[in-house]
Each structure stands twice: as structure tokens, then as C-alpha cells.
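Visitor: This is the structure I want to talk about, given as C-alpha cells.
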Amino acid sequence: MSRVSQARNLGKYFLLIDNMLVVLGFFVVFPLISIRFVDQMGWAAVMVGIALGLRQFIQQGLGIFGGAIADRFGAKPMIVTGMLMRAAGFATMGIAHEPWLLWFSCFLSGLGGTLFDPPRSALVVKLIRPEQRGRFFSLLMMQDSAGAVIGALLGSWLLQYDFRLVCAMGAILFIVCAIFNAWLLPAWKLSTVRTPVREGMRRVISDKRFVTYVLTLAGYYMLAVQVMLMLPIMVNDVAGSPAAVKWMYAIEACLSLTLLYPIARWSEKRFRLEHRLMAGLLIMSLSMIPIGLAGNLQQLFTLICAFYIGSVIAEPARETLSASLTDARARGSYMGFSRLGLAIGGAIGYIGGGWLFDMGKTLAQPELPWMMLGIIGFITFLALGWQFSHKRTPRQYTGARRLI
């Protein structure tokens, strides 16, 4: 086996271990934020939505800067620094008793993500061969689902005792992950050339096709982020107990572990990437509309199942399609900018979703936020259809990236 092949094989295992630590650290804390501050402390959902939206916007909106700096200086220092910063954000969140302190903790967490997320995604592009990336993304997403359930279960158990224990566990996991990267991650360069920060950013911004695609995905992310805000609140309201939230993530894990990889393998040679993305988005949009009318857990979990199935279809295609549009000379910059749709959609989804949820309760119309999200999904579906009908995209891809 050549040294390059050996490095790629070892790199796969490194990426999988690193990803599991990050997923566990994230899902121990974030799914429980809305339960802690809305249900237990009685805050308005919009206040928590602002915090979650701020984290999302900082991490994803500034991702192009983190990616461009990583193109210049390499992945390792950015990843280690970012993970330690997220640990500090979680530690601060544990003592948050005022909205401004929660917002500050989410700001720190998001800034840490800005530093470590783009170079981690660029490492996938560097280490995984183009023909293998679609399947590797499916493995990562299956791992995400399993990690989400384990993290949510652990966080829910710790929440029975003290929310500070939840945040401490999340911080410890990110510190362990920082040590893991500092110890084992080689000083790899991300791009084929050591691209200056400004040059990498210029390459991305001048790529109109990539920019249009990324911005269009904002509508997709408005739906996707509700897994962290409105869906847990809805499950808690219907069930009358925050313990039911873990079953929501268990459903996601079961569907992902059983369907994600087989669907990706079966569809990659039969359907174009854009058709898979649009089909998944359509299912997600249709499942959103009736959620506000669900009167029991059986109805609610059925709709959540449909939503997750749509996500299982769409996510690998979205990742792979994003990868096909990258430039190898500025991988970090592309990976960073590709997060802008998530930054915009996530911020609007969290803040707007929280506001609509509160408004729906005030007006005694709980279906209001879900109807609006369904409409946004349909608009995004049409926008993607128009874009893809004018610009052909490849069935496979050449180049890649990833909500945490």
C-alpha cells in the first residue's frame, strides 16, 4: 500500500472518531436549550430563538473567514482553537440566568464553530476520494444520528440533576476532542496551493453558480433547524414531559441507520443529485404543514418520521452537490462560504420560528408557524427547480462538505 493510500485510510478513521466526539458534545447540550430556558425557566421562545440563531449565524456566516484562514495556515491550529472556544461557550451557558449571558455563550460557541467547522469539512475533501465521498457522507450522517440520540439521552439524564452538569459534559467532550486533534492530526495543508486569505475569498465570491446555490439553500435550512427549536418544544408540549424529546432523536437514529446508506447507494446511480435534493425537500415541506394540528404523540411522531425521511433523502445529495462545485485551490474558503445558506436560513428559522411559535400561542393558532415553514419549503423547492433547470449539475461529483 502506498503512503498516500495509507494516509487516506488512517484519515478516514480519524475523521470518524473526531466526528463522533463533536456530535456527542453538541447534542448533549443543544437539544435541551429550548427545554431548559422555555419550559423550565419560562422564557419566551423568541429569546431562545435569538440565542440559537446567533450561534448559527456566527458559525456559518463567518465560515468563509475561518475557511480562508485555514487555507493559509492549515487545519490543525484552527480546529484546536475553535474546539476550546466552544468548550468555553458551553461552560458559560451553564451559569446563564439572563438572556444576554445565554446569547454571549452562544456567540462563543458559534465563533468556535467558525474556526473548526470549515477546515474539518475540507479535510473530508482532501482525504476521501471523489468516487467514495457520497458513501462516506452517508456514514458520517448515520454517525450523526446515533451520536444525536446518545448525546440527547445523556443530556436528558443529566438535566434531571442540574443543567450545569449538561453544559459541563459538553465542554469536557470538546476539550477531549481538542486534545485528540492536537495530538494526532498532522499539519496538513487543505488546498493544493497555499492560498492567501483574500485570494481564497475572491475565488468563492466570483463563482456565481456556487453563490446562487448556497443562498437558495437558506430556505431548506429554515426547516432543518427546527429539529433544535420548535420540534422539541412541540414534543414536550404534547407529551407533557421533556423525557419524550429523546424519543424524537431515537426515531431519527433508527431511520438514518436503517435507510440512509441503502437509499444513498440505490439512488446515486438512478437519480441526479438535484432531483434527490428536491424530492427530500418536498417531503420535508409536506410533513411540516400539519404538525401544529397534531393532537397526540402518535400523530406527531408520524409526521416527524416523514420529516426525517425527507431529510435522509435530501442530505447526502445536498452534501455531494455542494462538493461538486468547489475549487481545489481554495477548499477551505469554499467550505466556509457554503455555510452561508445555513447561517441565513438558520438565523431566520430560529428567530422567526420562535417568534411565530409565540405568536401562534397568543392567537390560539398553533398551526401558524408550521404552515409558514411549509410554504417556505415549497418556495425553496420552486427556486431550486428553476436554478437546476438553467444550470446542469453532475450526477456524480468532483470535489465537498457539513449542522453542528
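Glycine is no exception: its Cβ is also placed from the backbone N, Cα and C atoms.
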Visitor: In terms of membrane topology from Swiss-Prot, G240 and K361: same side, yes or no?
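Guide: That holds: Swiss-Prot puts them on one side.
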Visitor: For the annotation transmembrane segment in Swiss-Prot, which listed range does it cover: 67-87, 340-360?
Guide: 340-360
Visitor: Tell me if the transmembrane segment (13-33) touches the transmembrane segment (139-159). I count contact as 3 or more CB pairs below 8 A, with pairs 6 or more residues apart.
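Guide: Between the transmembrane segment (139-159) and the transmembrane segment (13-33), contact is present.
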Visitor: Are the transmembrane segment (13-33) and the transmembrane segment (340-360) close enough to be called in contact, which here means at least 3 C-beta pairs under 8 A that are separated by 6 or more residues?
Guide: no
Visitor: Ranking 99-116, 165-185, 214-234, 244-264, 277-297 by the number of C-beta pairs under 8 Å to the transmembrane segment (340-360), which range is first?
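Guide: Answer, by Cβ pair count: 214-234.
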Visitor: Give me the DSSP three-state residue breakdown of the topological domain 'Periplasmic' (34-98), ordered helix, strand, coil.
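Guide: Split into helix, strand and coil, the topological domain 'Periplasmic' (34-98) gives 54 helix, 0 strand, 11 coil.
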Visitor: Provide the three-state DSSP residue tally for the topological domain 'Periplasmic' (235-243): helix first, then strand, then coil.
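Guide: Looking at the topological domain 'Periplasmic' (235-243) with DSSP, the answer is 7 helix, 0 strand, 2 coil.
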Visitor: Under DSSP, the topological domain 'Periplasmic' (160-164) has how many residues in helix, strand and coil?
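Guide: When I sort the residues of the topological domain 'Periplasmic' (160-164) into the three classes, I find 2 helix, 0 strand, 3 coil.
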Visitor: Quickly jot the same-chain residues contacting the topological domain 'Periplasmic' (235-243) by Cβ under 8 Å, restricted to those at least six beyond its ends, or write none.
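Guide: Non-local partners: 32, 35, 39, 156, 159, 294-297, 300, 304.
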